[in-house]
Amino acid sequence: MITYIVRRTLMAIPLLFIITVISFTMMLMAPGDPTALMMDPMIKQENLEAYKEAYGLNDNVVVQYVRWLGNMVQGNFGESLIRQGVPVSELIIARLPNTLLLMIVSSVIAFLISIPLGVISATKRNSLTDYSITFVSFLGIATPNFWIGLVLIMFLSVHLGWFPTGGVSTLGGDFSILDRLHHLILPAFVLATADMAGLTRYSRSSMLEVLRQDYIRTAKANGFKNKTVIFKHGLRNGLIPIITILGLMLPSFIGGSVIIESIFAWPGIGLLFVEAAFQRDYPVIMAVVVIAATLVVIGNLLADVLYAIFDPRIEY
Amino acid sequence: MIKKRFFTMIMMAMILIIAACSDGEVKSDAEGAKSEGSTTDEKSGGSLYLGTTAAPTLFNPYYSTDTSSSTIEGFIFSGLVTVDHDFNPEGDLAEDWDVTEDGLKWTFYLRENIKWHDGEDFTADDVVFSYNIPLNEDYVGPRGLPFEVIEEINKVDDYTVEIILSEPYAPFITITAQFEVLPEHILGDVPVADLGTQRFNTKEPIGTGPFKFKEWREGEYIELVANEDYYLGAPKLDSIIYKIVPDMNTLMAQVQVGDINLAGISPEYMETAKNLEDKGIVKLESGPSNSWEYIGYNLRNDLFKDKLVRQALTHAIDKEAIVQAILDGSGTVAHGPGSPANWSFNPDVAKFEYNPEEAKKKLKEAGWEPGADGILEKDGQKFEFVLKTTSANEIRQQIAEVAQQQLSEIGIKTTIELLEWSAYVEETSPPKWNFDAIVAGWSIGSDPDPTWFWHTSEIENGLNYGGYSNPEVDALLSENTKLSDLSERKDIIGKADAIVTEDQPSTFLYNPQGHLAVSIDLHGPKFSAANTYYKIHEWYVE
């Protein structure tokens, strides 16, 4: 197993390298640069040129990439082009915990809601309950979660005032876990909806598969209660493929957080990425790309490792 | 074994959650008074919650260029002068000033009772230090232009400064002298080349303004607290919280629930704002903005070289319909450049009213005849062009659609191209000027000098994107900055604007109305095109 993990990790290095080359090239090929924000009568062309020269923006893409890569492998993401003098790492450190918190809590919500629904759906196959859960799942898959977010903000925050409209905490207030949770619930729930529907369908199929197995029939024949058979024998095995999805969900959380953080004014790296993309803050964009790509690679590795841990039949 | 691993994973997740719950912000080391929330005494205290959809960049006026940063800099720092609601210069750090008859020597008499936020005395040394920054050869910042005219800055005594100009420059008092002064005792030893990246700019700005920097919570807000030692008296507000929100929808939602108590309203959100006013949540303060919207033509393109053609294009566009249908009446039809909000505005310019028949007549006069497909033709060339604007501005998109429709009625084919903001700027500005026509807008600033937009010298590297050139206008504009007498200057600018209007390098569409949504318990804000936050130290929340 250790050899496998090491091998996979080493394989990730060229993959990440290719991702950075493609991202960097696309980013610099896109029209516009950070000076687009400086449209002001009081700015001379010479000032803009001096700025570009000082930040190496006039160098060709290869020179800029090599310089960026050289710094990055030493753990230096450079300085923001817009927030002059502020290291990119400082911006990331300030925002990453918010994104991780959102991702973890939304994963927990997605699992806590989807798995029981999937199990109920499977055990009550072809019943009204099953059809209802299936209907809601497909509705969930078909509905963009940014729309769900906007609707919830309108009703629960603006009209009813039950939740804040955005942000991570009450401004000017002292730190409190309850306050953080109050701000967290809506965005985490909406982010969770992106995966909930799929997870419910997946856990339903997985449970149906397990319930058809001989050992379930044997357990039932041995006189175990239905509840014991489903939860002790069935669920344990049915969960194996679902848990492995955890890793595969990471990429969708990163993508989803960009949208959800924008809607809920949640200051995580998703929102940072959006801001940086509009401002053409190249070092910040690249730092987020590297982090997101690394998370995706880790997610995939995690999925494989979890599979090996939970399914003794798998060997590496 | 599985249970143990699962437990470990749960534990790791919990640790992450707790880590995330702890402060993940860029904190300031600067000390400030503790915020007391929004509990207030009547007519004194409370917090002003502002919202912005564009995060500020840094707080140093010699390096920042964005509106959010400038707004916050205005609270933290002070300049030699400020402007009142009507663009008149008013003493700030300078109690008074005089200028020699030739307009070359300005003497500023500074106030003596002013302290920096760290308790040090403000003196002439700070002014000499600050105004010399953009003049330094190592300066890599965007603010060189307003200081170019300065030949030397001399400290006469601790509270008197004289500034010698190389030539008379009327906007000196309302542009250059408005630049905020920085503390020499903190930044004096920093090499000028490094000033733009100082910790001072983002973590601990120290000024002389009514509010002190307290904290910049990354991606969330900037908090300022009242400067009890402000020279005009301690501000009534306890603090200002400048919230960063992702977009206008979120901002409007926060205005509605009272999380933001002052916000500028763009035309597309006026209906929502009016609803909030009807419900008694906000009151709207409105007035003419110091700006104009236009369809600008690239005069390098043969299609637009003939003045008759440009006048015809203006005749073909129903500006009143645009104002009523797209802006919901929140603007006034413009015929020429400038804004009625500004003292230099000349309303007596030629008017090319909506008249499609007149447009057709002028186009015929210019040699354009309808082709077999109905599109105008001349020397085998069809009259068709691309109308560009930015996808970031819904109103401009709608204007482009209306213009497309109305121009098609006189036989002109237009294609609309929407570009993301940064791409739009790169395509339309020097050195590319890659456009036929654009839907855009200009703000005038605290001085009405139109040189930026119409002078031939601004074609190569400046804001004269369309490439308009008229020697008569050049001469008038060169003259306008040399006059210190306002009425003489108004006359000269008015003449230049009248010629520009006759030439129609752009179809001037309208002057927008500006609107502020103010929560009903906030007292003080009044819409002003010149200075929204004028006398902010007197504002309060009831």
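The backbone N, Cα and C atoms fix where each Cβ goes, glycine too.
Quantities reported herein were computed from a predicted structural model and do not represent experimental measurements.
Positions annotated as domain 'ABC transmembrane type-1' by TrEMBL: A:96-303.
The transmembrane segment feature in TrEMBL is assigned to A:12-32 (among others). Sequence-remote contacts of a segment are chain residues at least 6 beyond its ends whose Cβ falls under 8 Å from one of its Cβ atoms, and for the transmembrane segment (A:12-32) they are 61, 64-65, 68-69, 72, 280, 282, 285-286, 289-290, 293-294, 297, 301.
Distant neighbours of the transmembrane segment (A:100-123): 129-130, 133-134, 137, 184, 187-189, 191-193, 195-197, 199-208, 211, 230, 234-235, 238-239, 242, 246, 249-250, 253-254, 257, 260-261, 266, 268; these residues of the same chain sit at least 6 beyond its ends, with a Cβ under 8 Å from one of its Cβ atoms. Taken from TrEMBL, the feature transmembrane segment covers A:100-123 (among others).
Packing against the transmembrane segment (A:135-161) from elsewhere in the chain are residues 117, 186-187, 189-191, 193-194, 196-198, 200-201, 256, 259-260, 263-264: each is 6 or more residues past its ends and has a CB under 8 Å from a CB in it. If you look up TrEMBL, you'll see A:135-161 (among others) marked as transmembrane segment.
The transmembrane segment annotation in TrEMBL covers A:181-202 (among others). Residues 101-103, 105-107, 109-111, 113-115, 117-118, 121, 133-134, 136-141, 143, 145, 148-149, 152-153, 156-157, 163-164, 166-170, 241-242, 245, 249, 252-253, 256-257, 260-261, 263-264, 266 of the same chain sit 6 or more residues outside the transmembrane segment (A:181-202) yet have a Cβ under 8 Å from a Cβ within it.
Per TrEMBL, transmembrane segment is recorded for A:239-264 (among others).
TrEMBL lists A:284-310 (among others) with the feature transmembrane segment.
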Exercise. Short question: which residues 6 or more past the ends of the transmembrane segment (A:239-264) have a Cβ under 8 Å from it?
Worked result: 98-99, 102-103, 106-107, 110-111, 115, 118, 145-146, 149-150, 153, 165-167, 186-187, 190-191, 194-195, 199, 202-203, 206, 270-271, 273-274, 292, 295-296, 298-307, 310-311
